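These notes concern the structure reproduced below.
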Amino acid sequence: MSVQLADLNHYTQSKNEEAPFSAMHDHVEHATLPIEHPSQKDQSTVIGDDPDYPVNWPRYKVKFLISETLDSKLTCLKRNINLGLISFHAFMTNFVGAGIIPVYSTLAEKFGVEIQDVSYLTSIHILCTGLTPFFLVPLSTRFGRRPVWLVSTLFTAVCNVGCAESQSYAPMLVCRILGSLMLGAPIALGPPVVMELFAEQDRGIALGTWSVFVTLGPLTGPFVMGFVSERLGWQWIYWIFTLISGAQFVLYFLFSPETRYIQREKSTSTSSLMKLITFSRIDPTPFSMSEIIRPFSMGKRMTILLPVLSHSMIFCLSAAMLTMEIPQLFATRFELGPEQTGIQFLGIIVGTILGEAFNVVVLSLMNRRTVEKQPHAVNPRNYLIASYLGFVSMIVGLVVFCVLLGNTLPMHYKVSPIIGIGVAGFGNQLVSNFLINYIMHIHSDNAANASIFLGFIRQTWSFIGPFWFPAMFETVGITNCAGLLSALVVISALPVIWLHWRSRS
């Protein structure tokens, strides 16, 4: 790999994992060298010609995993199939968590509890998916990503059966907790797998694809399941979760080879069929307790901690607050049924999709400009600049939502507050995409630990949110919350502005 001397001065690999909190220059020190990638014109490889290295996977006419037995081929993009599977898995993490939101009142009546108690079925799911990656990631490092995907989907399917058959609140809560234990895997392992699958110039859009699925999960779940519960009953929400998890298991089994690359001697060859049906430890490195707590050390790096805090607050105010409060602010105010409640999520879904479309355009322009004018990778500072529009959109969206909903009389429904929710969803996706790209671009050598830390902070803060959201709207008032929420967004933007300013100096 050829890298010019000037590039080495700008992009050098991190040599010290425990960089001090005050070392602002880790902005540069922890960035990694750009990785050459085989393009359609240049099929040179990175690590020899080893076909097991994910970056060397062919772009066209990729053999099916069991093609040696069936002698068949699929014309596909192998990396994109895996990206799609992992992104959809991350989508299902929050889809399962939020899918029961339209039936909060139904479950509260059936189990004889308050709606606030039923909301804990979602809150505890969010918390567990933020905690379990501390154990799942070390396991995936030793045994590979593929076994984790298979166990996660199968175990989730079984637990959703338990939820569907629950006749009281306690058993459903237990099954929700158990089911969420393995659903944290795609949240933490998504960015590291993207780093394993794609070269540097392709990672921006790939990470954006993964992040938009993460964001769409809690938004699409209530939208879809509102129709399901209205027509088939609340039990079918869990049965559909079960069927989807089972389908994921089959797709992972057939189409998802191992992406964690361990260079081996080429003296022995394993058939594709054997790789499909056998599992073994691929990394002999002993387990260590320090591995579990190491992700917390990422908080000592300003270029991780500050973007994570900003992203977590924006995600909480958009994907968490707006989805959790729609049933309480809309359903009770306008006496909406499950299906009508689910339709209210359409605005934020559209806003999020438009936000990702905007992200793709911006990232493509960044990559094109980099190729034309610079010998090295995208300047990480550009991601910070691009996120500013997201913060502004969040403020506009939250103000429109709070003011218009607060001035709407009970039983006089208007769609205008949903427009504000959509604008906020647009802003959230911009902030999420560009800040995650910023973190992974600089700390690609520590993608797994950075991803665990990010997921933990985001999921924990989203778990805490439902405990203070209702009190905030009740005490301050819906209209007056516009000022409070705008102030929180401004405070969230300050760390990003500071990072931008320090990087320029």
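Glycine is no exception: its Cβ is also placed from the backbone N, Cα and C atoms.
Noted in TrEMBL for the protein shown:
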DOMAIN    82-504  domain 'Major facilitator superfamily (MFS) profile'
TRANSMEM  83-106  transmembrane segment
TRANSMEM  118-136  transmembrane segment
TRANSMEM  148-170  transmembrane segment
TRANSMEM  176-198  transmembrane segment
TRANSMEM  205-224  transmembrane segment
TRANSMEM  236-255  transmembrane segment
TRANSMEM  304-323  transmembrane segment
TRANSMEM  343-365  transmembrane segment
TRANSMEM  385-406  transmembrane segment
TRANSMEM  418-440  transmembrane segment
TRANSMEM  452-471  transmembrane segment
TRANSMEM  477-501  transmembrane segment
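When Cβ-Cβ distances below 8 Å are used as the criterion, the transmembrane segment (236-255) is approached by residues 64-66, 81-82, 85, 88-89, 92, 96, 99-100, 103, 146, 149-150, 153-154, 156-157, 160-161, 163-164, 225, 228-229, 276 of the same chain, each at least six residues removed from its ends. Only pairs six or more apart in sequence are counted, and the transmembrane segment (304-323) with the transmembrane segment (176-198) gives fewer than three Cβ pairs under 8 Å, not enough to call it a contact. Among the stretches 176-198, 205-224, 385-406, the one making the largest number of Cβ pairs under 8 Å with the transmembrane segment (148-170) is 176-198. Same-chain residues lying 6 or more positions outside the transmembrane segment (418-440) and placing a CB less than 8 Å from one of its CB atoms are 191, 194-195, 203-204, 207-208, 211-212, 214-215, 219, 303-304, 307-308, 310-311, 314-315, 317-319, 322, 344, 346-352, 354-356, 358-359, 363, 380, 383-384, 386-387, 389-402, 404-405, 447, 450-451, 454, 496. Mean pLDDT across the domain 'Major facilitator superfamily (MFS) profile' (82-504) comes to 88 in this model.
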